Amino acid sequence: MRSIIALMRQREYFVQAIRRTTCVASPALNQTNFQASSFLTTLISSKKSPEETCIGSEEEEEEPNKCLSLRIEKLPKGVTVGSALQSWMGDGFPVHGGDVYHAINRLRKLGRNKRALELMEWIIRERPYRLGELEYSYLLEFTVKLHGVSQGEKLFTRVPQEFQNELLYNNLVIACLDQGVIRLALEYMKKMRELGYRTSHLVYNRLIIRNSAPGRRKLIAKDLALMKADKATPHVSTYHILMKLEANEHNIDGVLKAFDGMKKAGVEPNEVSYCILAMAHAVARLYTVAEAYTEEIEKSITGDNWSTLDILMILYGRLGKEKELARTWNVIRGFHHVRSKSYLLATEAFARVGNLDRAEELWLEMKNVKGLKETEQFNSLLSVYCKDGLIEKAIGVFREMTGNGFKPNSITYRHLALGCAKAKLMKEALKNIEMGLNLKTSKSIGSSTPWLETTLSIIECFAEKGDVENSEKLFEEVKNAKYNRYAFVYNALFKAYVKAKVYDPNLFKRMVLGGARPDAESYSLLKLVEQYKP
């Protein structure tokens, strides 16, 4: 019976392993904000996370040591992977390919490349089962990650000829791209064409990501042209990257153009496609369109994918749909393992629909069930209180945070600045902004949607006071993140000039050059500003 289960798992893990996702860390990936906190919780398409898979096996077997991956992960420093495999076999468990693929996928996700390489070296050396192309591909991948491209090339020549095939070449190209050796990667792609091998869409995904940095964006068109010339099979993940790049630039037209390109290529959109579309329109405050795409998510969702459900909670919160939000949260709560992140998203979503009591209940439930382990957990409740100007409650959370030994970060102070501004404590708001600026804030945080929306709310508070100077200072922040492409962002700034009764002849020009389309409110505010012309 165990052999049958193992064979079924092996097939499943083999398929997952072939579809190596673009979530593997690379410098360019981080530069373009492909992170949970920035916009979209995740772009993975698997129905269960590796953590859930292992937790499931623990429950089944009643003993965590019956999961090979966990045995390897729990090895003390200095103890070899070989010893874990020997003890595994000593307990009567055969080493199956499925167990190895699962372990490799988890080790990759955890960034434990050295352990992954140890595992593959042992598998190649001891040959506990019949080896295939995937084992050599894994060996090549982690050799390059730890020892560089030159060692990877040497290893490639020593791989048995029958396995120097399409998969291995694709992995070598991807490894070169991950190491930033683009010219060498292109040379290997040329060799693949000569050998008649197809280039995987994952290679082009990497090329697009490498060229997504500022100053290199024009090269993406060449990557797509090369992909077409190579007759590579279009893949949904490629279009997701293109859509996400445009969404991060707050370019709704660009997102829709990439989506249209997907449909023209005959690629079927999935739940992730609609998640990106719905979130992009929700952030742009185009709620009717966002609601339509949210309905498409509901129609296309496959199984209980926690990442999609997290996105649905965010969307229902923004759309004010409390009933649907509660339904989605009940589905998530039914999982064996509920992440702290899901609790935080639910807390913020219920607060958005106006149910503060429920938001507080969920945060306390998370505190009791998951424990308080990081500043982000406190920041979540802080954001809830500060958006409503409940500064006394926010101060209570801040004291609990520092009292438990957690250090406030720039996000903490940005939330407190908003809370003070909402409570009309403008001097204190400025002090908190200054304290946050004295702390390091990563580019990904500074350009994330929650940060930008909080900053815009502070601008609106200063605008109500007619404080043009501080409104302009904060506006510069959102401008650098290209959040100023929305008319409502400029409208907030224009209100500061109206309240201050100050004339500026360049406001309309700034708006147009900033990439925003004036709406009816923009024109009305600009007419009011003109009244103060000297």
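A Cβ is built for glycine as well, from the same backbone N, Cα and C atoms used for every other residue.
Quick caveat, the model's predicted, so the values are computed rather than measured.
Database features (Swiss-Prot):
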REPEAT    165-199  repeat 'PPR 1'
REPEAT    200-234  repeat 'PPR 2'
REPEAT    235-269  repeat 'PPR 3'
REPEAT    270-300  repeat 'PPR 4'
REPEAT    305-335  repeat 'PPR 5'
REPEAT    339-369  repeat 'PPR 6'
REPEAT    374-408  repeat 'PPR 7'
REPEAT    409-443  repeat 'PPR 8'
REPEAT    451-485  repeat 'PPR 9'
TRANSIT   1-20  transit peptide
Over the span of the repeat 'PPR 2' (200-234), count residues by DSSP class, listing helix, strand and coil in order.
21 helix, 0 strand, 14 coil
Based on Cβ pairs under 8 Å, which of the stretches 200-234, 235-269, 270-300, 374-408 lies most in contact with the repeat 'PPR 9' (451-485)?
235-269
Which value does the mean pLDDT take for the repeat 'PPR 6' (339-369) in this predicted structure?
97
Tally of helix, strand and coil residues over the repeat 'PPR 4' (270-300) according to DSSP?
27 helix, 0 strand, 4 coil
Same-chain residue ranges lying at least 6 outside the repeat 'PPR 7' (374-408) that approach it to Cβ under 8 Å:
340, 344, 347-348, 351, 356, 359-360, 363, 366-367, 415-416, 418-420, 422-423, 425, 450, 454, 457
